[in-house]
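Below you'll find the structure I mean.
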Amino acid sequence: MASSYRKPTVASTSQKRKVGPKPELTEEQKQEVREAFDLFDADGSGTIDVKELKVAMRALGFEPRKEEMKRMIADVDKEGTGKISFNDFLAVMTQKMAEKDTKEEILKAFRLFDDDETGKISFKNLKRVAKELGENLTDEELQEMIDEADRDGDGEVNEDEFLRIMKKTNLY
C-alpha cells in the first residue's frame, strides 16, 4: 500500500520572510466599515462606484488626497470596472486604520518628550528622556539626534519632523 505522506524538504520547511503583522480590525471596526460601504451600495449589488470611494472613506473620518485616491483605485480596481467590492474596500480601510493608529502612537510618544508642551522636542527634553530611560548618551550624541530629525533648522524637533524620523527608522 503506497502512502501519500511525503517527507518535508528543506524548501518546504524553510522560514518565509516576515513582512510584519498584517493589520486587523476589531469586529466593531469591521461593522463600521460595512455600514459606510452599505450606505453607498444603494442597489445592494455588493459593489460601490470608485467615484464613491472618497465619500465612503470620509464617512469613516479619513480625508484622502487626490494622488492617494488614484493609487488606491489603481490597487483595488485592477480590471478598470469602476467598481469596488466590499472585500477590497475592507482591505483599503484596514490599511488606512492601521496607519492612523501608528500615527497616533507616534504622536503619543512625541507628547512624552514634549513635557513642557511647546509643540517641539528640545535638547533639554531629549536629555531628560534619555536619563529617565537610563540611556548613557553624551550631549554630542543627543545633539546629533536632534540635528538628524530637525528639518527646518530651528534646533528643535516638531511633530512633523518627529513623525518623519520615526517612520524613516521603521520603529513604527
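Backbone N, Cα and C atoms are what each Cβ position is placed from, and that goes for glycine too.
Per Swiss-Prot, the features are:
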BINDING   ASP41, ASP43, SER45, THR47, GLU52  Ca(2+) 1 binding site
BINDING   ASP150, ASP152, ASP154, GLU156, GLU161  Ca(2+) 2 binding site
DOMAIN    28-63  domain 'EF-hand 1'
DOMAIN    64-99  domain 'EF-hand 2'
DOMAIN    101-136  domain 'EF-hand 3'
DOMAIN    137-172  domain 'EF-hand 4'
REGION    1-30  region 'Disordered'
Using other CB atoms within 10 angstroms as the count, which residue among the binding-site residues GLU52, ASP150, ASP154, GLU161 scores least?
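Lowest Cβ count within 10 Å among the binding-site residues (GLU52, ASP150, ASP154, GLU161) is ASP154.
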If you count other C-beta atoms within 10 angstroms, which of the binding-site residues SER45, THR47 is the most crowded?
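Result of the Cβ crowding comparison: THR47.
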Return the member of ASP152, ASP154, GLU156, GLU161 nearest to ASP43 (Ca(2+) 1 binding site) in space, with distance defined Cα to Cα and candidates limited to these binding-site residues.
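The answer is GLU161.
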Within a 10 Å radius of its Cβ, which of these binding-site residues (ASP41, ASP43, ASP152, GLU156) has the fewest neighbouring Cβ atoms?
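Per-residue Cβ counts within 10 Å for the binding-site residues ASP41, ASP43, ASP152, GLU156 bottom out at ASP43.
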What is the separation, in Å, between the Cα atoms of ASP154 (Ca(2+) 2 binding site) and GLU52 (Ca(2+) 1 binding site)?
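The separation of the Cα atoms works out to 42 Å.
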In the three-state scheme derived from DSSP, which category covers ASP43 (Ca(2+) 1 binding site)?
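For ASP43 (Ca(2+) 1 binding site) - judged by DSSP and reduced to three states - the answer is coil.
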Spatially, and counting Cα to Cα, which of the binding-site residues is closest to GLU156 (Ca(2+) 2 binding site)? Options: SER45, THR47, GLU52.
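That would be GLU52, the closest of SER45, THR47, GLU52 to GLU156 (Ca(2+) 2 binding site).
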Excluding ASP150, ASP152, ASP154, GLU156, GLU161, which residues of the same chain place their Cβ within 8 Å of the centroid of the Cβ atoms of the recorded Ca(2+) 2 site?
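Everything else in range on the chain: LYS120, ILE146, ALA149, ARG151, GLY153, GLY155, VAL157, ASN158.
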Where does ASP154 (Ca(2+) 2 binding site) sit in DSSP terms: helix, strand, or coil?
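In the DSSP reduction, ASP154 (Ca(2+) 2 binding site) maps to coil.
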Over the domain 'EF-hand 1' (28-63), what is the model's average pLDDT?
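The answer is 89, the mean pLDDT of the model over that range.
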Given the binding-site residues ASP150, ASP152, GLU161, which one's Cα is the least distant from that of ASP41 (Ca(2+) 1 binding site)?
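Its closest listed neighbour, by Cα, is GLU161.
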Write down the Cα-Cα distance for GLU52 (Ca(2+) 1 binding site) and ASP152 (Ca(2+) 2 binding site), rounded and given in Å.
38
